[in-house]
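S.K.: Feature list, courtesy of Swiss-Prot:
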- 12-18, 40-42, Arg304, 330-332, 412-414: GTP binding site (BINDING)
- Asp13: active site, proton acceptor (ACT_SITE)
- Asp13, Glu14, Gly15, Lys16, Asn38, Ala39, Gly40, His41, Thr128, Arg142, Gln223, Thr238, Arg302: IMP binding site (BINDING)
- Asp13, Gly40: Mg(2+) binding site (BINDING)
- His41: active site, proton donor (ACT_SITE)
- Val298, Asn299, Thr300, Gly301, Arg302, Pro303, Arg304: substrate binding site (BINDING)
Amino acid sequence: MAAIIVVGAQWGDEGKGKATDILGGQVDYVVKPNGGNNAGHTVVVGGEKYELKLLPAGILSDNATSIIGNGCVVNLEALFEEIDGLQARGADTSHLRVSANAQLVAPYHVAIDRVSERFLGKRAIGTTGRGIGPTYQDKVGRVGIRAQDLLDESILRQKIESALDKKNQMLVKMYNRRAIEPEEVVQYFLSYADRLAPMLIDSSKVLNEALDRGERVLMEGGQATMLDVDHGTYPFVTSSNPTTGGACVGSGVGPTRITSSLGIIKAYTTRVGAGPFPTELFDKWGEYLQTTGGEVGVNTGRPRRCGWYDSVIARYASRVNGFTDYFLTKLDVLTGIGEIPICVAYDVDGVRHDEMPMTQTEFHHATPIYETMPAWDEDITGCRTFEELPEKAQDYVKRLEELSGCRMSYIGVGPGRDQTIVINDILKD
């Protein structure tokens, strides 16, 4: 039995898709426990590039059943567009299942998300405008629509009519937009009911029975630790808990069944959207990382903000997630840059902080304290063992390991599935 959680350790886009793709071929189930089509994965298989949003990266593994968990919010139009796109490229999606308890994104969620961001103006959080936040708000407010509701039209209709009593008042009176007809939303959902119904399962039951049989389960977290609604840079966060604890809740698998928690972390740092970012670069090196690393959001198309590696955040992520291992990605991007600064602590109004400041005010005032290490000039994209890496690259990885509070068990040296160095195989430990 093995239950592994994959979690982003920074602000997302760390390469979780690659990690899941590599491990997904060795497990029996891959479950996405949180998020929706607001976060994307890029996976390269056989030279083919796949950009996944709502679907787990494990969908590209023929041997694994992929599950969209109860902690997810599902836009059905986006789901089936993604499925159809993969099938058109020859991918098999017949092994995809959806938790009956997953929340559904309604057209009014998307409308409210988009208009509210415009209404906020300069105070906008920087959402993707896909209705994720409003859907989670309805979930917590106990007025959400779940996937299983499509199996009973009377319940579906009742929930939609009740929701629109309030939503339309908000759209019309607060945002000066047109009201949405309940029947329009009912028909939208019913148009997908026949296709969705065969996919629905009790995901908690399925996953726990699989573990009882000694099978392997991989939980593929969306977004990242610093976007967690509790542990991230609030309010510049997502609306779910993309941390280890949230993965347990969003999949229905208890914490005592988890055998490994794998943090995915870049050899530098990126962020999309608004919010504090202590190591952010505004010079030629920021542009270099953005260009060389291909740092453009899969979902939004927005350029990612880039900065140096932040070990304060890495230590924080190790602590709140209980990571057993790290998967370091994009080490190859740092080849040939001369010197590599590493943030080892923060200066906050003249006081050194080796750990995350307690308040967001302090974090906004944090300036990085750097140490530097020499970069390497050799091409590392063909390295397949740690010993094959140049000595300077080895030293950089070892220093990150010392600073981050967790062993570096995997190292990405290129975008391909095979461009990975495995130091400790967590499926064999």
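In case you wondered, yes, glycine gets a Cβ from its N, Cα and C as well.
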S.K.: Express the distance between the Cα positions of Gly40 (IMP binding site) and Lys18 (GTP binding site) as a whole number of Å.
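M.R.: A Cα-Cα distance of 12 Å.
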S.K.: According to DSSP, does His41 (active site, proton donor) fall in a helix, a strand, or coil?
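M.R.: In three-state terms, His41 (active site, proton donor) counts as strand.
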S.K.: Could you tally the C-beta atoms, other than its own, that fall within 10 angstroms of the C-beta of Gly12 (GTP binding site)?
M.R.: 28
S.K.: If one measures from the C-alpha of Arg304 (substrate binding site) to the C-alpha of Gly15 (GTP binding site), what distance in angstrom results, rounded to a whole number?
M.R.: 14
S.K.: List the Cα distance (Å, whole number) between Pro303 (substrate binding site) and the residue listed as 'active site, proton acceptor'.
M.R.: 12
S.K.: On a count of neighbouring CB atoms within 10 A, which of the recorded positions His41, Arg304 is highest?
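M.R.: The largest 10 Å Cβ neighbour count belongs to His41.
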S.K.: Considering only the recorded positions Gly15, Lys18, His41, Gly301, which residue has the minimal Cα-Cα separation from Thr128 (IMP binding site)?
M.R.: Gly301
S.K.: Among the recorded positions Gly12, Asp13, Thr42, Gly301, which ones place their C-alpha within 10 angstroms of the C-alpha of Gln223 (IMP binding site)?
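M.R.: Neighbours among recorded positions, in sequence order: Gly12, Asp13.
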S.K.: Look at each of the binding-site residues, Thr42, Thr128, Gln223, and point out the one with the fewest other Cβ atoms around it within 10 Å.
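M.R.: Minimum Cβ neighbour count within 10 Å, taken over the binding-site residues Thr42, Thr128, Gln223, occurs at Thr42.
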S.K.: What is the interatomic distance between the Cα atoms of Asp13 (active site, proton acceptor) and the residue listed as 'active site, proton donor', given in whole Å?
M.R.: 7
S.K.: Within 10 Å of the Cβ of Pro303 (substrate binding site), how many other Cβ atoms are there?
M.R.: 15
S.K.: Which of the recorded positions Asn38, His41, Gly301, Arg302 has its Cα nearest to the Cα of Gly15 (GTP binding site)?
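M.R.: Closest candidate to Gly15 (GTP binding site), judged by Cα separation, is His41.
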S.K.: Whole-number answer please: how many Å between the C-alpha atoms of Val413 (GTP binding site) and Arg302 (IMP binding site)?
M.R.: 24
